[in-house]
Amino acid sequence: MTEFIPPGSLFHALSSPFPMKRGGQLHRARIAYETWGHLNASATNAILIMPGLSPNAHAAHHDSNAEPGWWESMLGPGKPIDTDRWFVICVNSLGSCKGSTGPASYNPITQAMYRLDFPALSIEDGANAAIEVVHALGIKQLASLIGNSMGGMTALAILLLHPDIARSHINISGSAQALPFSIAIRSLQREAIRLDPHWNQGHYDDTHYPESGLRIARKLGVITYRSALEWDGRFGRVRLDSDQTNDTPFGLEFQIENYLESHAHRFVHTFDPNCYLYLSRSMDWFDVAEYANGDILAGLARIRIQRALAIGSHTDILFPIQQQQQIAEGLRRGGTHATFLGLDSPQGHDAFLVDIAGFGPPVKEFLDEL
């Protein structure tokens, strides 16, 4: 399996050796990132975006890559994250297969793919790697740090590990720890991959590839990324046309089944299964409460920033809205002027990607006031 690196990616060589939180280290590792806008002379207009598990660093198009990005409607000139004003950096997470060093990368020491020899990955490792990029660009303090989904966890880790790195923070559909439901879902996703005989303890290749396992894992993910409300309105119980079905017992019959199958089919050859395992587990392990003797609100209160916005969707079952409320409350206890906003978007966890009409205005208003 190979990495999937967007054209126009930039790369930062991490300090070597790069120590990992749970032990081990990386040698000659790198982080992929992309930028938009221009850094001002005082280097005070920078925004860092930390993405979720599967996205690359290509959040929006730019001169080196004209393809629309995964947050195209949110980022650009005159958009909520206005690149006419801000210098924006988006980092591909350490452990991914989209340009940053991960299990699908080659170990420069052994000249073989890391696979399961990659050190245990924590959210904190991605946080430390991202800040190396920020410092390499000559930025001492970010105007704002934005994290969505898994990136919301990474952003909190950055703020805990690197005090004074940002003046403000926007946490979008993120959390300060993984809840049992989310851990259970991700556990099933990892099990589906590992039970595929082609996974072969991580030693698969393009000929013998755990496609079935990764496809099931992705389907489970998609179900949790959206909401029952959206499924009802979008698909109902509508069945497929006869030319879309076959005579296979228990085969696809409903449109919702076909949607999941199509979505999973597109995903399986654009993401490495071992990387999926590592990143998924890192989310389960993350817990802000570890920074304050088991008290999650006290852990959040250790963060020192001027302003924050925690925003999410009431239909999110993967990162429930209570978790964004918790982030805002904890930050307030530490003296941050923190605002919480819950939206009625029907798209569940993925709402921040598609409901720009809902998420865009509060993000724009927050940044405009900085």
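The backbone N, Cα and C atoms fix where each Cβ goes, and this holds for glycine too.
Within the listed segments 24-27, 52-55, 248-251, 280-283, Swiss-Prot records region 'Important for substrate specificity' for the stretch 52-55. DSSP classifies ARG186 (site 'Important for acyl-CoA specificity') as helix under the three-state reduction.
Counting every protein chain shown, 24 other Cβ atoms lie within 10 Å of the Cβ of ARG218 (substrate binding site).
Spatially close to ASP316 (active site) yet at least six residues away along the chain are SER173, SER227, GLY348, HIS349, ALA351, judged by Cβ distances under 8 angstroms. Checked against ARG186 (site 'Important for acyl-CoA specificity') by C-alpha proximity, the recorded positions SER149, ARG218, ASP350 yield ARG218 as the nearest. Cα to Cα, ARG218 (substrate binding site) and SER149 (active site, nucleophile) are separated by 16 Å. Long-range Cβ neighbours of ASP350 (substrate binding site) (same chain, at least 6 residues apart, Cβ-Cβ under 8 Å): TYR225, ARG226.
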